[in-house]
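Each remark here refers to the structure printed beneath this line.
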Amino acid sequence: MILSMALQAPPALCADPDPLQDFCIADLSTTSTPINGFPCKPASNVTASDFIYNGLAVEGNTTNPFGSNVTPANVLAFPGLNTLGISMNRVDLAPGGLNPPHHHPRASELDIVLKGEVLIGFISSGNVYFSNVLREGQIFVIPKGMIHFQMNVGKEKGLLITTFNSQLPGAVVAPLALFAANPAVPNKVLTKALQVDESVVQLIKSKFAASS
């Protein structure tokens, strides 16, 4: 009986439905809370410019403590992606630059290196570390939700494009989440979790406060 009911369950309960229209340019001016997408801009107001985004053509500023810059092309930056389930980022890395450990709660990721030598790695839920140094034209896949990073290990600038199977993959950057959250994560939690003195936690927090 239960099996019969499961087999008859509507497809919408099993996966996200496909779009029911050719496109749905996001209307970001809405004041309502978006649920799995934004309201559509009226089709009569859509023009060819709604399908173009130039943001990834500009090199990012890597003058910061991490030596990296992420330029997003998600639905918030490129409304034409609304309901399509895709997005990408441009990641610029200075020599020695790091896109710090982070994870995307809503997407798997596929990275392609366009310039430089980039160490890319992720840690599985079993605490196994997978990594490789990639060069121009090589790609690396990061499963959904895995903590990962990209680091330029070459002598020249690094550049890669990261692609996602979500219009808004989200990003939780580990060091910022732990040491620069607002309100702050209690020191007693961090000292216990990291097995360090409170002075160490305070020192790390001060570095993020100085760079913010």
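Cβ coordinates come from backbone N, Cα and C, glycine included.
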According to TrEMBL, which residue among Cys14, Cys24 is joined to Cys40 by a disulfide bond? Cys24
To see if you understand the setup: which same-chain residues, six or more apart in sequence, place their Cβ under 8 Å from that of Asn89 (oxalate binding site)? Val70, Thr71, Pro72, Ala73, Asn74, Ile161, Thr162, Phe164
Do me a favour and check the Cα-Cα span between Asn99 (oxalate binding site) and Cys24 (disulfide bond); whole Å is fine. 32
Hey, for the Mn(2+) site built from His102, His104, Glu109, His148, who else sits with CB inside 8 A of the CB center? His103, Ala107, Phe122, Ile142, Met146, Ile147, Thr162, Pro169, Ala171
Determine, to the nearest whole angstrom, how far the Cα atom of Glu109 (oxalate binding site) is from the Cα atom of His148 (Mn(2+) binding site). 10
Here the Cα-Cα span from Cys24 (disulfide bond) to His104 (oxalate binding site), rounded to a whole number of angstrom, reaches 24
Report the nearest neighbour of Cys40 (disulfide bond) in space among the binding-site residues His102, His104, His148, comparing Cα positions. His104
